[in-house]
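The next block holds one structure in the form of structure tokens; read it before the comments.
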Amino acid sequence: QICNQHNAEAPNLEQAFHRMAQTEPNLDHDISWFLLPSYWAKMAVALISFLCFANSYDGDFVFDDSEAIINNKDLRAETPLGELWHHDFWGSKLSSNTSHKSYRPLTVLTFRINYLFAGGFYPVGFHVINIILHCTISVLMVDVFSILLGGLQFSNKGRRLNLAPKTSLLAALLFAVHPVHTECVAGIVGRADLLCALFFLLSFLGYCKAFRENKEGHNFSIFWVLVSVILGAIAMLCKEQGITILGLNAVFDALVINKLNVLELIQKLLHKDKSLENAGLRKGLLFRATLLMSGGATILYIRWRIMGTGPPAFTEVDNPASFADSLVVRAINYNYYYSLNAWLLLCPWWLCFDWSMGCVPLIKSVSDWRVIALAALWFCLIGLICQALCSEDSHKRRILTLGLGFLIIPFLPASNLFFRVGFVIAERVIYLPSIGYCILFTYGFSLLSKQAKKKKILAVAVFGILLMNVTRCALRSSQWRSEEQLFRSALSVCPLNAKVHYNVGKNLADKGNQSAAIKYYREAVRLNPKYVHAMNNLGNILKERNELQEAEELLSLAVQIQPDFAAAWMNLGIVQNSLRRFEEAEQSYWTAIKHRKKYPDCYYNLGRLYADLNRHIDALNAWRNATVLKPEHSLAWNNMIILLDNTGNLAQAEAVGREALELIPNDHSLMFSLANVLGKSQKYKESEALFLKAIKANPNAASYHGNLAVLYHRWGNLDLAKKHYEVSLKLDPMAPGTKENYNLLRRKLEQLQKKGG
């Protein structure tokens, strides 16, 4: 039905409401809430959503940001843009068996643009874009909710009317300030969800534009339907959930455009009634549904071809329920996960960056009290579904069905129903389903307001919920500013999660607090005795503290549990080398290289082993392999120079040193090593220049001053030699050989003074 309303602003809405009064009830009529013009409503939503997450703008790269951004070569200018279309979200080849198959090239492209504009890995720009995206999405929600709650109506000039300005503003505010969105906004990798949501909503609004000249579904624009399909494809290229908008557009078309009564249609189909035209099943709807399904099938087929191989291989710790032998146990636990997701929407107070590894213990029996949560979830869902299908109120049927549709359909890719996912609960995947929650909450509020005598008290209660959510968002955003705060915040929420303890330990170890890190690593291994990464890191620390026996036991257990764990094999080799079990160490290094062909650090450590065994040629070959795989491997270059120097191959040592400095021109340790070689070759001037350059880069290195003093001593520049000996001894009074050389120089100077006297 086309209204004769010309102006969509709030002051003129009352006339439009009266025109529709005979066909549909108005949700806004009974609620006590703010009535703002469209522009001011959107400004308010934008401002409040900005205030919720503004304090995350200068946060660090945290948690998954390291892998998706800092370690992702697809962000760097030297990686061809075409590679983005063949790699997953983390920069791995999609054809690889280790790939997560998360194909989000458009999201990675925005990260790359961020990186190029910032000139490096500076997190501020990344965070600012995320905040802007969430504000934009929240503003679009005003329009989306006005359609979902108030219906799709246009003026005779083709301008869409907002027939529910109060309820659409409330729903948009609920969405904007929901604390469960913090992970998407404050965590940079959450941009995948934000970009997906942006194009998801644009696809929906584009689909609505197809009916600007509509008369109950007969007239529509094929152009806008196709635009909607393209925007859905773009949403999927940002994150996989985006494809679900095509299904939701079809549901919206059936319920709102064609006013289809689902229950009536089902009854007619069951009774083989041929009068389906009366049930609202029109040719236009079938044609548009065919376009949407064809577009969706084409997109999914292309996605499947690009993916190349089967689904990703996840481990039991990622999603333990999916590995349960019993179908009943799997079904119970999946439904329990759904109830926890629903609870996070209802009460987003306990939030955690990771819900795996024992955070949610498996339900193994129906006698487990947590089964009550499943019963409560399905009691509510069945009640809502019955009302959505059977209510005599068409308005209620439409809103409840749309609310359930937006709650459930975008969640389906994360439900484990079609394929195994790599998580138990992930707050980021609730970003889109929260749209359905906001619809249901707002509709429930309008029903309560209709029954309540003191509507203002109810409005104050809802305002209080919004205020609490704003506070919770600000608090949670501050926790996402640094890894230390983020990981520690999870200890109280998921104390049984081994990964939480592991990450706290890793953060402490990175800061040099090894004693505290050991405590958390031990707890992670206790909670999950097969946690090989915790064993590896704990073994590493124990190795550095010279507790070699326990380190070897942990690392041996890690490679026994996961035989292809290359890092653990290398660390085991280092421990065995320290225990002087050289043959075993060599075998461990080669096993690591077998499982990870391009492993420069392992070649470096293998070279050190060969050097200890005086197998100089093998050592040089191992270090050369390390530098081929990683040209900036300074330690490998240094060891080559030093070994060649010590074995009297000064010409080779000089050539290697010059080659290394061409690749790493600002490395002061390479300058120092090459300067030593040049000094022995009596190239004093060039050696002096390199020593001075190294000292300028690292002025507090006693050995740099000491060796420069030796150069001056040989060169006959005794005053400068004396000066640098004294600086070296001041920096390190126990510097080996320096005191003896200094004493020799002093005696020589004294002799010269006597001769001069």
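Cβ from N, Cα, C; glycine included.
What TrEMBL says about a protein is an automatic prediction, not a curated fact.
Beyond the ends of the transmembrane segment (39-57), by six or more residues, the same chain brings 124, 127-128, 130-131, 134-136, 138-139, 141-142, 165, 168-169, 172-173, 176-177, 182, 185-186, 469-470, 473-474, 477-478, 480-481 to within a C-beta distance below 8 angstroms of the stretch. According to TrEMBL, the transmembrane segment annotation covers 39-57 (among others).
Same-chain residues lying 6 or more positions outside the transmembrane segment (131-151) and placing a CB less than 8 Å from one of its CB atoms are 20, 24, 26-28, 38, 41-42, 45-46, 49-50, 53-54, 56-57, 160-165, 167-169, 171-172, 175-176, 181, 184-185, 191, 194-195, 197-198, 201-202, 204-205, 208, 252, 256, 398-399, 402-403, 406, 435, 438-439, 442-443. Look at TrEMBL and you will find 131-151 (among others) tagged as transmembrane segment.
Annotation source TrEMBL lists transmembrane segment at 163-182 (among others). Panel annotation: around the transmembrane segment (163-182), residues 10, 13, 16-17, 20, 26-28, 31, 33-36, 38, 41, 44-45, 48-49, 52-53, 56, 134-135, 138-139, 141-143, 145-146, 149-151, 153, 344-345, 348-349, 351, 427, 430-431, 434-435, 437-439, 441-443, 445-446, 462, 466, 469-470, 472-473, 476-477, 480 of the same chain, lying at least six beyond its termini, place a Cβ under 8 Å from a Cβ of the stretch.
Here TrEMBL flags 188-208 (among others) as transmembrane segment.
Taken from TrEMBL, the feature transmembrane segment applies to 220-237 (among others). Same-chain residues lying 6 or more positions outside the transmembrane segment (220-237) and placing a CB less than 8 Å from one of its CB atoms are 103-106, 195-200, 202-204, 206-207, 209-214, 243, 245-246, 249, 284, 288, 291-292, 295-296, 299, 303.
Residues annotated as transmembrane segment in TrEMBL: 243-264 (among others).
According to TrEMBL, the transmembrane segment annotation covers 285-304 (among others). Through the fold, the transmembrane segment (285-304) approaches residues 103, 210, 217, 220, 222, 225-226, 228-229, 232-233, 236, 243, 246-247, 249-250, 253-254, 257-258, 260 of its own chain, all at least 6 residues removed from its boundaries and within a Cβ separation under 8 Å.
What TrEMBL records for 310-382 is domain 'DUF1736'.
Proximity of distant same-chain residues to the transmembrane segment (371-390), defined by a Cβ-Cβ separation under 8 Å and at least 6 residues beyond the stretch ends, is recorded for 262-263, 332, 335-336, 338-340, 342-343, 363, 396-397, 400-401, 403-404, 440. Under the heading transmembrane segment, TrEMBL lists 371-390 (among others).
Tertiary neighbourhood of the transmembrane segment (402-423): same-chain residues 100, 148, 200, 240-241, 243-245, 247-248, 251-252, 255-256, 311-312, 314, 318-319, 321-322, 330, 334, 337-338, 341, 355-356, 381, 384-385, 388, 429-430, 432-433, 435-437, 439-440, 443, selected by CB-CB distance under 8 Å and a gap of 6+ residues from either end. Residues or ranges marked as transmembrane segment in TrEMBL: 402-423 (among others).
Annotated transmembrane segment per TrEMBL: 429-448 (among others), in sequence order.
Here TrEMBL flags 498-531 (among others) as repeat 'TPR'. Tertiary neighbourhood of the repeat 'TPR' (498-531): same-chain residues 63, 317, 352, 354, 356-359, 483-484, 487-488, 490-491, 537-538, 541-542, 544-545, 554, 561, selected by CB-CB distance under 8 Å and a gap of 6+ residues from either end.
Among residues of the same chain six or more beyond the repeat 'TPR' (532-565), those with a C-beta under 8 A of the stretch's C-beta atoms are 498, 501-502, 505-506, 509, 514, 517-518, 521-522, 524-525, 571-572, 574-576, 578-579, 591, 595. Positions annotated as repeat 'TPR' by TrEMBL: 532-565 (among others).
If you look at the repeat 'TPR' (600-633), the same-chain residues 6 or more away from its ends with a CB under 8 A from one of its CBs are 566, 570, 573-574, 577, 582, 585-586, 589-590, 592-593, 639-640, 643-644, 647, 660, 663-664. TrEMBL lists 600-633 (among others) with the feature repeat 'TPR'.
The average pLDDT computed over the repeat 'TPR' (702-735) stands at 89. The feature repeat 'TPR' is assigned by TrEMBL to 702-735 (among others).
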Original post:
In the repeat 'TPR' (498-531), how many residues does DSSP put in helix, strand and coil?
Top reply: 27 helix, 0 strand, 7 coil
Subject >> the repeat 'TPR' (702-735) - residue tally per DSSP class, helix then strand then coil >> reply: 28 helix, 0 strand, 6 coil
**OP:** May I have the DSSP-based helix, strand and coil counts for the residues of the domain 'DUF1736' (310-382)?
**Re:** 36 helix, 0 strand, 37 coil
Original post:
What counts of helix, strand and coil residues does DSSP assign across the repeat 'TPR' (532-565)?
Top reply: 27 helix, 0 strand, 7 coil
